[in-house]
Amino acid sequence: MAASDKQDLMRLSAAALLLALAAAGSVCSAQQLRRNYYASVCPNVESIVRDAVAKKYRETFITVGATVHLFFHDCFVEGCDASVVVASTPNATAEKDHPINLSLAGDGFDTVIRAKAAVDAVPRCRNRVSCADILAMATRDAIALAGGPAYAVELGRLDGLSSTATSVNGKLAPPSFGLDQLTALFARNGLSQADMVALSAGHTVGFAHCGTFSGRVRAADPTLNRSLAEKLAAWCPDGVDPRVAVTMDVVTPRVFDNQYFRNLQSGMGLLASDQVLLGVVMDRDPNSSSQNVKALNKL
């Protein structure tokens, strides 16, 4: 993963949750990302994208989680190049149609499509702004609309020239991954366990399908909060369509906040791969663990 892609990912959740703003500082990359990249060709691009995202958000709050998760899935495969939004053709299956990406909500794709159309509606901007940059800006704007902080986005990403389902293999974590598997996956992208916890907190918004967590309920997973387990059993009873969706944060589902971390400490991580992250904090030495828990609770 390029340095610019790591910076994008850190900003996605770490900056928005104020866990690692310092780590998201200026990083040089082959693409030479910078502020005001489009100043000479489309000076109002950020406000155009922001307005398009705000309009979509007013229609449905699902826009936030859908866009955040779309960005994450894009960045972790071939870098932040918008290859995840490319459609399949009769002769080639694109990233978006890989089984693990079928869970991505259509509202995320629609957000990018609308923002791109709004940008291209301005003659001087038409075909001058990459979809990769639009996705990065749209994610930032969606987070702010849901109550997360605003943050600067450096621009200049290039759109990917290819998009294949096979390129996704092994790049994204299924909900069944354990701590060691998650750590290894993030490490391959140059990300630490602290980065992993911060980025996983993007699950403070969005939905998960019953099929991704119902096994924990059926097996009476002891790490799953009993009260939540009872609610999940009612929402996802035996025989339910596995595509039925449940909010990942059942406490503040419409707000981009720190409730995700509080949920983990109460056994209310919806996915098994969420709940195991509590060990990243609790398994460290006592002083470090205490400091990390306090930091999470102060967010």
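Yeah, the Cβs are placed from backbone N, Cα and C, and that goes for glycine too.
The feature signal peptide is assigned by TrEMBL to 1-30.
As annotated by TrEMBL, domain 'Plant heme peroxidase family profile' applies to 32-299.
Per TrEMBL, disulfide bond is recorded for Cys42-Cys125 (among others). Note: Cys125 (disulfide bond) has non-local neighbours Tyr38, Val41, Cys42, Asn44, Val45, Ile48, Val119, i.e. same-chain residues 6+ apart with C-beta under 8 A of its own C-beta.
Residues annotated as active site, proton acceptor in TrEMBL: His73. Around His73 (active site, proton acceptor), the same-chain residues at least 6 positions away in sequence with a Cβ under 8 Å from its Cβ are Val84, Glu95, Asn101, Leu104, Leu172.
Cβ neighbour count for Asp74 (Ca(2+) 1 binding site): 31 (other Cβ atoms within 10 Å of its Cβ, all protein chains included). Annotation comment: TrEMBL describes Asp74, Val77, Gly79, Asp81, Ser83, Glu95 as Ca(2+) 1 binding site.
The number of other Cβ atoms within 10 Å of the Cβ belonging to Cys80 (disulfide bond), over all protein chains shown, comes to 31. Taken from TrEMBL, the feature disulfide bond covers Cys75-Cys80 (among others).
Marked as Ca(2+) 2 binding site by TrEMBL: Thr204, Asp249, Thr252, Asp257.
Take the CB of Cys210 (disulfide bond) and look out to 10 A: across all protein chains shown you find 18 other CB atoms. If you look up TrEMBL, you'll see Cys210-Cys236 (among others) marked as disulfide bond.
When the binding-site residues Val77, Gly79, Thr204, Asp249, Asp257 are ranked by how far their Cα is from the Cα of Cys210 (disulfide bond), Asp249 comes first. Within 8 Å of the Cβ centroid of the Ca(2+) 1 site, not counting the listed residues Asp74, Val77, Gly79, Asp81, Ser83, Glu95, the chain contributes Cys75, Glu78, Cys80, Ala82, Val84, Gly160, Ser163, Ser167. Put simply, Ser83 (Ca(2+) 1 binding site) is 9 Å from Cys75 (disulfide bond) when counted between their Cα atoms.
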